[in-house]
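Positions annotated as domain 'Cytochrome b561' by TrEMBL: 16-219. Annotated transmembrane segment per TrEMBL: 21-40, 46-69, 90-108, 120-145, 166-186, 192-212, in sequence order.
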Amino acid sequence: MVHKKEPESEPRLYGFTRTASVVLTHLICFGFAVFISVLSQPGTSWFSWHPFLMTLAFSFFMTEAILLFSPEGSPIKSFSHKTKGGVHRLLQGLCASCAVLGFAAIFYNKHLSGKPHFTSWHGLLGLLTVCVVIAQSLAAMPLSYPSLAKGWSLAKLKRYHAASGLITYLLGSASMLLGLCSVWFAGAVREYTWYLSALCLVLSALVIMNQVSRSYMAKKRFQS
């Protein structure tokens, strides 16, 4: 009897841990977006739109777009996969729009102040991330319109989309982490707030990595 209870208790523990981590990530992505909004006060300057829109893009919209497919903590868990896909496309569209607008805001702000562009790792990685987000959005079109992907199976397209989407998310997370090292953010918060902000970004990235890898590795083992 003892041996039967142990295997049953482990999945419950793992399931509870995964559910708790996804719920925590929902709270983190919303809370961090609100925090940056209060800190940057969007509308007070051209620069203020940059951290606000970029955080909204990657920490909120993209995170929520991926968590929609979480089996443990999706806010629309009972909805059909087709509906989830539609909401996912909407959130990703908002993510791409915010990323482009946030990039335009900082580009125009530097143009007004006469400062050189892309002189830091944050700027270079941010440029790469925005380009990848746009490419990822365009590359996802065959998933909505299968006729555009002749010779490619839908299952293979979904695997490639998930893998490239994870890379895009990690690029966004890395860009935001570098943004925490900026003079503006470091000078606006206390030291413990800086470490807490970095921890929030890292935890969110780990949860997303676990969800994507666990989901598609399981499908690959099942199909093989």
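If you go along the chain as it appears here, the first residue is 1 and each next one adds 1.
Heads up, the Cβ atoms here are built off N, Cα and C, so glycines get one too.
Whatever TrEMBL says is automated annotation, not expert-curated.
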Which residues, given as numbers and ranges, are at least 6 beyond the ends of the transmembrane segment (21-40) yet have a Cβ under 8 Å from it?
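For the transmembrane segment (21-40), the nonlocal Cβ contacts are 48-52, 55-56, 59-60, 63-64, 67, 70, 72-73, 75, 185, 188-189, 197, 200-201, 203-204, 207-208, 210-211.
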Same chain only, please: residues at least 6 beyond the ends of the transmembrane segment (46-69) with a C-beta under 8 Å from a C-beta of the stretch. Say none if there are none.
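Answer is 22, 25-26, 29-30, 32-33, 36-37, 39-40, 75-76, 84, 87-88, 91-92, 94-99, 101-103, 105-106, 108-109, 112, 126, 129, 133, 165, 168-169, 172-173, 175-176, 179, 184-185, 201, 204, 208, 211-212, 215.
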Quickly jot the same-chain residues contacting the transmembrane segment (192-212) by Cβ under 8 Å, restricted to those at least six beyond its ends, or write none.
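Beyond its ends, the transmembrane segment (192-212) has Cβ neighbours at 18, 21-22, 24-25, 28-29, 31-32, 35, 59, 63, 66-67, 69-70, 162-163, 165-166, 169-170, 173, 176-177, 180, 185-186.
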